[in-house]
């Protein structure tokens with residue numbers, strides 16, 4: 001297989017780009033290359049910054065990083081950050097600059113892109129399962145899903161994502177057989193296997209979200225039957241309804257961003273694609289990048305504890321900047337004491353519990 005790849009590249013170098021086997025996948029015109037470069041750079045940079053911010057807020061808070069719910073959200077943010085960086089760089093290098101790497105490097109890049117997006121979907125599935133357990137078994141939730149079990153589950157998910165994604169690098173390639181219409185060196189049988197795996201993850205997400213939304217419906221019915229008297233757990237039930245709406249929103253965004261890409265991948269298995277369809281696939285692929293950009297926005301807006309953590313960080317940085325601006329040496333000790341006292345008085349936003357994603 002290595003000889004096949006080397007021979008094709010060597011022949012391409014002799015006859016020019018027209019004979020390069022990778023040229024069939026480099027189908028963008030000049031204006032389209034510019035559009036892809038601009039969109040990938042902006043979306044990738046914004047997505048990376050957002051996800052880094054979410055990761056920092058979770059890891060810098062002792063309270064958040066001990067909760068399984070936020071471990072799953074942190075895993076999602078980490079996967080989306082890696083996806084933003086790896087996908088944007090690899091996509092622009094290939095489609096805009098026509099960069100051709102060695103077989104091992106190319107398969108490493110495409111495997112890394114596949115792994116990060118697969119881990120992102122896997123993290124969403126674990127988040128959905130976490131919400132289901134919270135709503136289905138509220139009394140025993142904390143004993144059922146401990147921090148240790150959450151970490152073990154995340155480790156298994158990441159290892160499985162890496163194993164599935166790096167199979168082409170381990171030898172499952174198409175050379176010398178015909179490759180996929182959309183991905184160099186990737187055989188159609190591997191693409192079909194990956195599509196089935198992703199379909200399994202999506203099915204799990206939809207099935208779990210369905211139970212979450214049904215549980216929310218039951219809470220609404222319970223609320224309507226106890227309007228005239230105070231019932232313990234009422235606030236929790238209202239919270240669960242909002243959580244269900246949040247998960248429904250995440251699911252809708254996930255399907256909108258992923259369905260076009262997955263549909264074109266499945267279509268490529270059944271027929272030969274024209275250059276127009278390949279160009280459409282290239283632009284639809286950036287919808288996955290948009291999904292990575294939207295995920296932290298949804299969680300930042302919905303999670304009261306993350307917003308409270310951001311409020312603490314901003315207040316702390318603001319006071320640090322003010323402290324650095326103090327020129328009088330005799331004012332330094334008093335300024336430090338004042339800042340410490342002010343930090344101790346900072347309280348979460350009044351509505352932080354209303355949208356808390358992990359209040360189970």
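Using N, Cα and C of the backbone, Cβ positions are placed for all residues, glycine too.
Annotation comment: Swiss-Prot describes 351-360 as compositional bias 'Basic and acidic residues'. Under the heading N-linked glycosylation site, Swiss-Prot lists 11. The feature phosphoserine is assigned by Swiss-Prot to 335, 336, 352. Feature annotation from Swiss-Prot assigns phosphothreonine to 338. What Swiss-Prot records for 327-360 is region 'Disordered'. What Swiss-Prot lists as topological domain 'Extracellular' is 1-33, 93-104, 173-188, 268-279, and the listing cites sequence analysis. Taken from Swiss-Prot, the feature topological domain 'Cytoplasmic' covers 60-71, 130-149, 215-246, 302-360, and the record attributes it to sequence analysis. Annotated transmembrane segment per Swiss-Prot: 34-59, 72-92, 105-129, 150-172, 189-214, 247-267, 280-301, in sequence order.
Long-range contacts of the topological domain 'Cytoplasmic' (60-71) within the same chain: residues 127, 130, 134, 145-147, 149-151, 154, 305-306, 309, 312-313, 357-358, 360, each at least 6 residues beyond the stretch ends and with a Cβ under 8 Å from a Cβ of the stretch.
Take the transmembrane segment (34-59) and the stretches 105-129, 150-172, 189-214, 247-267, 280-301: counting Cβ pairs under 8 Å, 280-301 has the most. Listed by sequence, the residues of this chain that lie at least six past the ends of the transmembrane segment (280-301) yet keep a Cβ under 8 A from its Cβ atoms are 27-28, 32, 36, 39-40, 43-44, 46-47, 50-51, 53-54, 73, 76-77, 80-81, 83-84, 87-88, 91, 95, 117, 120, 124, 182, 246, 249-250, 253-254, 256-258, 260-261, 264-265, 268, 273, 307, 310, 355, 357. Model confidence over the topological domain 'Cytoplasmic' (130-149) is summarised by a mean pLDDT of 87. For the topological domain 'Cytoplasmic' (130-149), DSSP puts the residue distribution at 14 helix, 0 strand, 6 coil. Counting residues 6+ beyond its ends, the topological domain 'Extracellular' (268-279) has Cβ neighbours under 8 Å at 25, 27-28, 32, 180-182, 188, 191-192, 195 in the same chain.
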